[in-house]
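Undergrad: The domain 'G-protein coupled receptors family 1 profile' annotation in TrEMBL covers 20-260. Taken from TrEMBL, the feature transmembrane segment covers 6-31, 38-66, 72-93, 114-138, 158-177, 209-228, 240-262.
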Amino acid sequence: AALNPWDVMLCVSGTAIACENALVVAIICYSPALRTPMFVLVGSLATADLLAGLGLILNFVFQYVIRSETVSLLTVGFLVASFAASVSSLLAITVDRYLSLYNALTYYSERTVLCIHTMLAGAWGVSLCLGLLPVLGWNCLHDHAACSVVRPLTKSNVTLLSASFFLIFLIMLHLYIEICKIVCRHAHQIALQQHFLTASHYVATKKGVSTLAIILGTFGASWLPFAIYCVVGDPDYPSVYTYATLLPATYNSMINPIIYAYRNQEIQRSMWVLFCGCFQAKVSFRSRSPSDV
């Protein structure tokens, strides 16, 4: 079959995603200091995005080298599970940030660690189930009338996935609004204690709220077009529409390491240690909590 430029772009995107997130996973595994709940969540996100990138590469290879219905189902199921785990990990990170502010006094306790591990187990379990659905028979290989804009997934399957995404997006939106309220309330309390709101407090509050807006805006801009098109689109529409909405969705997995990992000073320090092995701290690094956004 002739090479489809969109498939090539998806493969290139998958390669970039895999390389970026493989580095994050290596850094977290290499550094014993990065074992806090926050970095466990970042590692889960990086692992899910790494698998998604590998899935895009495998999908390209199998599409043009090994054309098989079974392989196609396995690849699609792998991609669904990986991207579902990525979105679920983003939700878990949002919940963790909210808890670190809402229950600041009890956050660093064994109960929090248990809560984080439970959330991750549930997220990966649900993602695995969603990925197995097309493999176990919820597909349109023998009923083309039931196909969605993403073959071989059925219309009901992509509707379920889209509804799950919308629910997660609304939960994240609500939690980030609550986080903004807590941040602004803290700034107001500091201002009352010091009798005025200093410029540094104002800048820090504005930066925190702006960062939250960027995080949620990036997530929504990446996934919302594809999720909406999966619901309103028709399989008879040109495939270019599916590609044009799917490609930006993959960019979210490319941006995640930058937002959640490479901006963190402890990961930056671990990168220097990993690559040179002779890091000499010339700049003081401050340990960051999940609420430091």
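FYI, residue positions are counted from 1 along the chain as it appears here.
From the backbone N, Cα and C atoms, a Cβ is placed for every residue, glycine too.
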Undergrad: Can you work out whether the transmembrane segment (38-66) touches the transmembrane segment (114-138), with the criterion being 3+ CB pairs under 8 Å where the paired residues are 6 or more apart along the chain?
TA: yes
Undergrad: Three or more CB pairs closer than 8 Å, sequence separation of 6 or more: does that hold for the transmembrane segment (6-31) against the transmembrane segment (158-177)?
TA: no
Undergrad: Using Cβ atoms and a strict cutoff of less than 8 Å, what residues sit near the transmembrane segment (114-138) while being 6 or more residues removed from its termini?
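TA: Non-local partners: 37, 40-41, 44, 48, 73-74, 76-82, 84-85, 88-89, 91-92, 95-96, 99, 152-154, 156-157, 160-161, 164.
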Undergrad: Which residues of the chain, 6 or more past the ends of the transmembrane segment (240-262), have a CB below 8 A from one of its CBs?
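TA: For the transmembrane segment (240-262), the list is 6, 9-10, 13-14, 16-17, 20-21, 23-24, 27, 42, 45-46, 49, 52-53, 56, 83, 86, 90, 93, 149-150, 214-215, 218-219, 221-223, 225-226, 229, 233, 268.
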Undergrad: Determine which residues of the chain contact the transmembrane segment (158-177) at the Cβ level, with the cut-off under 8 Å and only residues 6 or more beyond its ends counted.
TA: 80, 84, 87-88, 90-91, 94-95, 97-98, 130, 148-150, 212, 215-216, 219-220, 223-224, 227-228, 230-231
Undergrad: Summarise the model's confidence over the domain 'G-protein coupled receptors family 1 profile' (20-260) as a mean pLDDT value.
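TA: That stretch averages a pLDDT of 85.
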